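Participant: Have a look at the structure that comes next, please.
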Amino acid sequence: MTLSKPIQIFLSLALCFAPLSVEATAFTASAHSYMLVNRDTGQTLYAHNADAPLPPASLTKIMTLFLAFDALKAGSVKLREKIKISRAAAATGGSSMRLLSGERVPFENLLAGMAVASGNDAAVAVAQRLAKGDARRFVTLMNRKAAALEMRHTLFKTPNGLPALGQQTTARDMATLAGAYLRTYPAAAQLHILHSIYHRGKTLQTTNTLLGMEGVDGLKTGWTQNSGYNIVVTAQRNGVRLLIVVMGAKSRSARDEVVRALLKNGFHTRKR
């Protein structure tokens, strides 16, 4: 009898939790690396290739959002401040908030555009505002923050995660980043739970299709041709809070299957 792929994944994970030395062969075929963390204790419940360097894609925007909230806290920018969109920001390719050159957009809307629609253009606009028009200087701030968080295998080259030579991170570093971001700014979670936003009368849907799953309340997706399908997921059930990072999945469905199985096993483990 041949087991279906979801069942293979679930069974291999169950074996991995007891004992952990058993290799999750079904998972390794679905994603390059992944990590499951208890958000409250910081305990790593499961990790595979967690220190393997991979392109972050749009998971990068978690750092851009982190620095944006730092700036809000410092008072150097206001949520309702209207940001003039540059030609460079409006011309940014990939996933987009559909910003127009010269339009003025509230800073808070740009944050939502990054968190929900994964707007590469919004990330550039935010970077330019926070670094006096110089997105490259903003990247320096990103890497400085990464070093402060002890993200030892991460190097950012862009504020949005679009491909750039040498840009890399790991599942462990992304778990560190996401955990610190949400601990420092719990209110930021309200952006990541949104299913859609509106800009110039148009609806922009979330890129995180797992938000409809029980307990899932964030956080960020990412994809480029080189990175594969990445995601950071946060979830809570019965007072238990988990954080999952999956990187380098071969498809969106494979990525989501890994997340579902990790969540199921993570919550099950906490009950034992």
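Positions of Cβ are set from backbone N, Cα and C atoms, glycine also.
The following feature annotations were taken from TrEMBL:
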SIGNAL    1-26  signal peptide
DOMAIN    25-250  domain 'Peptidase S11 D-alanyl-D-alanine carboxypeptidase A N-terminal'
ACT_SITE  S58  active site, acyl-ester intermediate
ACT_SITE  K61  active site, proton acceptor
ACT_SITE  S118  active site
BINDING   K220  substrate binding site
Participant: Would you count the other CB atoms within 10 A of the CB of S58 (active site, acyl-ester intermediate), including those on all shown protein chains?
Facilitator: 26
Participant: Measure from the Cβ of the residue listed as 'active site' and count the other Cβ atoms within 10 Å, all protein chains considered.
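Facilitator: Its Cβ shell of radius 10 Å holds 27 other Cβ atoms.
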Participant: Counting across all protein chains shown, how many other Cβ atoms sit within 10 Å of the Cβ of K220 (substrate binding site)?
Facilitator: 29
Participant: Could you state the CA-to-CA distance between K61 (active site, proton acceptor) and the residue listed as 'substrate binding site' to the nearest Å?
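Facilitator: A Cα-Cα distance of 8 Å.
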Participant: What's the CA-CA gap between K220 (substrate binding site) and S118 (active site) in angstrom, rounded?
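Facilitator: Checking the Cα atoms of K220 (substrate binding site) and S118 (active site) gives a distance of 8 Å.
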Participant: Round to the nearest Å and give the CA-to-CA distance linking S58 (active site, acyl-ester intermediate) with S118 (active site).
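Facilitator: So the alpha carbons of S58 (active site, acyl-ester intermediate) and S118 (active site) sit roughly 7 Å from each other.
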Participant: Averaged over the domain 'Peptidase S11 D-alanyl-D-alanine carboxypeptidase A N-terminal' (25-250), what pLDDT does the predicted model reach?
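Facilitator: Within the domain 'Peptidase S11 D-alanyl-D-alanine carboxypeptidase A N-terminal' (25-250), the model's average pLDDT equals 97.
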